[in-house]
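One structure below.
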2 protein chains.
Amino acid sequence: MGEQRIGFLGPKGTFTKMAVDALFDGGTFVSYESIPACLDAVENGDVQTGVVPLENAIEGSVHLTIDYLVHQVDQSIIAELTVPIKQHLLVHPNQKNQPIERIYSHSHAIAQCHQYLHKHYPEAEIEYTASTGRAAEIVAEQGPGIAAIGNHLAAEENGLTIIDTNIHDYDNNHTRFAVVQKQPETLKVKDHPVSTQKTTVMVTLPKDYVGALHQVLAAFAWRKMNLSKIESRPMKTGLGNYFFLIDVDQPYDQVLFPGVQAELSALGCELKVLGTYPSYQIDVPTPVEKA
Amino acid sequence: MGEQRIGFLGPKGTFTKMAVDALFDGGTFVSYESIPACLDAVENGDVQTGVVPLENAIEGSVHLTIDYLVHQVDQSIIAELTVPIKQHLLVHPNQKNQPIERIYSHSHAIAQCHQYLHKHYPEAEIEYTASTGRAAEIVAEQGPGIAAIGNHLAAEENGLTIIDTNIHDYDNNHTRFAVVQKQPETLKVKDHPVSTQKTTVMVTLPKDYVGALHQVLAAFAWRKMNLSKIESRPMKTGLGNYFFLIDVDQPYDQVLFPGVQAELSALGCELKVLGTYPSYQIDVPTPVEKA
């Protein structure tokens, strides 16, 4: 095995990059500008491993990741990372006591700090940018009198000063990332606690009939298999056709899962395993404010 | 009842505005820059009605809408709209045969047209903007030699020419919008077919126990109530606590729903009705290309 090449949804200073830096122990990191571009790179072999947002992400469309994994590529989820979302207020290092006239960030980050902005900067103009990383770049280029909302990596990479930390309105916001590979290989990761082993399956129903999902879940329930997430998603074949994404809180095994599969198959459903993997919880320390 | 005031997630030329124009029969339309700002305006009474993306939207974070409706405001969903997502390639009216060197759009729109761009404009630089509307504005300002990806409204509002229609990689992509009010009043809407009557409920479990969701769904299943969508969402009180959003394919009634509620209550679950409403399907004609 040569050096690991890891693709991620960029650019620099994103939450995805923060997760990648925290997880992997060495390797070459390659930034991609969109989720499909990153997953295509895994598919083509340009990188062995890809990291894309799976849930609640600032930068990426989560549904896009799921739909692309299900419809476009043949890859497995081999790990997941959860990273707390901590937003900070970033200014130019030359900022003194000038009023902050404009605040830049991605629309999702602005929305996450809605109450903070309303309370502390009601007069500031809000400018929307394509990413939190881009907002930080703008502040670095334009100088004092403006601010960006972003994470501590965006501050570091652009030489900005953090004047207020954890300005997001709610705690307990996490972004969840999927680590995917075409041919599952061992990852070289830093020493992180694994919170749980999970298996993600996709279940498709033959057609939309009353109580179908209830029957599907029964196959898991009587085996005492705990489900930590369930979501229905429309198939691309038309309205009214759904598939279900289900996270089971245990690793794939040769007894329970084949049993579920046989039972669902008898109901006319199809079960596909999208991955069985460790879940890493990455902590992000709150940086020190420079008031 | 005076003239209806309708707030929506702006700016001009968005898919949200397209839905609003198609649905409402008159009224004053007020653009808001974020989902929380729009829902706050409904809460404060600045507008009676708000329209925000609920699922699969280009511009908005869907989870944000749900979380804000659940945690921050006391409003009901009184209608939903589904609108097909049709992306087009927009150029300046003075564009002749110049090569298109850069293509601008929101990252989600770029991702939706990933294969098209790869095939037809492999050499073009991609520039990410805060919205598809902003991308169209840039083309209007900067002139020929560049293009934007956006909808036909963005073309109209910015005086651009559509040179290629329906360039999104997949059909059957829809955006779903919620129409919300604090005190449900009648809407003045154009004559649209109502595809179905729905009820959206939120179910919270006392704690994460094996098979809980299965028991919850049993309460609906044995009453032959069809569920068209189900999604688990983390509570903001910490990891591991979930609530479920469930769309039931029928209007609220005084027999079945109270029965479900009593049964869930006996299990220690709580059921809250977020709205019972008509679902409008809005069609968007494909504009004529000017090659």
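From the backbone N, Cα and C atoms, a Cβ is placed for every residue, glycine too.
Per-residue pLDDT, averaged across the domain 'Prephenate dehydratase' (A:5-182), gives 89. Under the heading domain 'Prephenate dehydratase', TrEMBL lists A:5-182.
Note on the domain 'ACT' (A:201-278): DSSP counts are 21 helix, 28 strand, 29 coil. Marked as domain 'ACT' by TrEMBL: A:201-278.
Neighbours of A:Thr175 (site 'Essential for prephenate dehydratase activity'), defined as other CB atoms within 10 A of its CB across all chains, total 24. If you look up TrEMBL, you'll see A:Thr175 marked as site 'Essential for prephenate dehydratase activity'.
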